[in-house]
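Reviewing the structure listed below.
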Amino acid sequence: MLRMSGLILTLVLVTAAYEQDESEPLSPRTARFSASSPSDVARCLNGALQVGCSAFACLDNSTCNTDGMHEICRSFLHGAAKFDTQGKTFVKESLKCIANGITSKVFLTIRRCSSFQKMISEVQEECYSKLDLCSVAQSNPEAMGEVAQVPSQFPNRYYSTLLQSLLTCDEDTVEQVRAGLVSRLEPEMGVLFQLLQTKACPPSAAGGTGPVGAGGSWRWPMGPPMFKIQPNLRSRDPTHLFAKKRSTSS
């Protein structure tokens, strides 16, 4: 019933590459904007239109590694015609909600990169939840699958936030997103993930001990990802990387 192994491995590149321990000290060069950057970014956001992607273009021009939202915005606008009426409204209102949220909080967080990046992700997730992303995805699975494509700058935290929000949806919607991701991977990687997807779920997943959100839906764990993938015991190759057994008594 659970088909999590392929989905988890499809998303590992998204989350594992950018997650940072908040307690990790940041160097002055990477932790803060240059002397003129805070006012430039804030002025750009305050002068940007409340519709469209102009506000997110301001984030691409920062020196705090906040790229990603602009590309997500353009993907939504490019695919808006494929959504139904509810979906079109969601595209318009979600982009406006995120842009307004970021603009209203920019002065509180912009001087420290980690705070600024986290604020953008939180606003993004709040707007998706408020405007019922899952309901839109359920009625527009193909259109949403096209929007949730691997971005040119990969990985990035805002693309991951979009995927994590979609993972709280029903199983059919999650499968649609997963299939769309795999279809856009390089052929070799796509084959690898398809093969790994056919493996049985780890005992912990089968026993229902994996991370479960409200209403029984699966949710991507926010801590460091851990994977326990085992091949079929009868066909185990003792020399294979994945065939190494965990020592229990020796």
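Using the three backbone atoms N, Cα and C, a Cβ is placed for every residue, glycine included.
Among C44, C64, C73, the one Swiss-Prot lists as the disulfide partner of C53 is C73. Between C127 and the candidates C97, C113, C169, Swiss-Prot annotates a single disulfide bond, the one to C97.
With a 10 A radius on its CB, C64 (disulfide bond) counts 22 other CB atoms from all the protein chains.
Put simply, C134 is the one of the disulfide-bonded residues C53, C64, C113, C134, C169 whose Cα lies nearest to the Cα of C127 (disulfide bond).
Cβ-based crowding with a 10 Å cutoff singles out C58 as the top-ranked of the disulfide-bonded residues C58, C134, C169.
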